[in-house]
Amino acid sequence: MKIITAKTATEASARAFDIVNELMRRDQLQVMGLATGSTPLDLYKQICESNLDFSRCTSVNLDEYVGLKPTDPQSYHYFMQEHLFNAKPFKESFFPDGTNPDAGEVTRKYDRILAQHPIDLQILGIGRNGHIGFNEPGTLFDSHTHRVALTASTINANARFFENPDEVPRYAYTMGIASIMAAKRIILLAFGDAKAEAIRQTVNGPVTLEVPGSVLQRHPDVTVVLDEAAAGRL
Ligand SMILES: O=P(O)(O)OC[C@H]1O[C@](O)(CO)[C@@H](O)[C@@H]1O
């Protein structure tokens, strides 16, 4: 694992942008794996403000809530439109189909998409408990796309975005750990004190199912990009 630490999240995101920019310059970024959440927002902003052109590239997203339409403001599809695709459209952008409750059909279809579009660079955030995508602790390392029941803490955290508690998604489709590890290169972004322990365990801890991020120690090309706070326990 290569570790890059910068003083602030914006400076760290600029280092991540440099990697994206270099891969694009070398025409080595045909398929980009994208994350949602707050962590990648600064990187996406810098991409939007750049002269990079993704119109010949494909994107695949890590996860999507079950039961939300792509037009629902709370969906990850909408999140990506707002924060990246409106300014930087890709040739094609794939998400697990959150509108289809048939988990077997959705996951098989998404695994086929991932097999047909090998990921050149996967952008990752990480949860406080070390989850990557929606792969919570205990997820098997050989997992592919699957449906997960969201934890109570995730449901509660999301509830603030919904009028009616019944509308809060209880499930999500997520790329599995094996899907993520199949990427040629991975950038793991983490900012803030709240991620310092997850980063410590991910980078220096034992490789264990209890810390999904720790599996990245087994990947040949991972760059961990941190601000000082998230690097605080390394
Ligand atoms: O970047 P944030 O908002 O801290 O989210 C951390 C992680 O949680 C998720 O949003 C899933 O809950 C991941 O996609 C993300 O990497």
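In case you wondered, yes, glycine gets a Cβ from its N, Cα and C as well.
According to TrEMBL, the active site, proton acceptor annotation covers D63 (among others). D63 (active site, proton acceptor) counts 22 other C-beta atoms within 10 Å of its own C-beta, drawing on all protein chains shown.
According to TrEMBL, the active site, for ring-opening step annotation covers N129 (among others). Every protein chain shown contributes to the tally, and the Cβ of N129 (active site, for ring-opening step) ends up with 16 other Cβ atoms within 10 Å.
Close to H131 (active site, proton acceptor) in the fold, though at least 6 residues off in sequence, lie P137, T139, P212, G213, each with a CB less than 8 Å from its CB. Annotation comment: TrEMBL describes H131 (among others) as active site, proton acceptor.
In the three-state DSSP reading, E136 (active site, for ring-opening step) counts as coil. Taken from TrEMBL, the feature active site, for ring-opening step applies to E136 (among others).
Summarising model confidence by region, the domain 'Glucosamine/galactosamine-6-phosphate isomerase' (8-219) averages a pLDDT of 96. The domain 'Glucosamine/galactosamine-6-phosphate isomerase' annotation in TrEMBL covers 8-219.
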> When you measure from the Cβ of E136 (active site, for ring-opening step), how many other Cβ atoms are you left with inside 10 Å?
Replying inline: 18
>> In whole Å, how far does the CA atom of N129 (active site, for ring-opening step) lie from that of E136 (active site, for ring-opening step)?
In response: 8
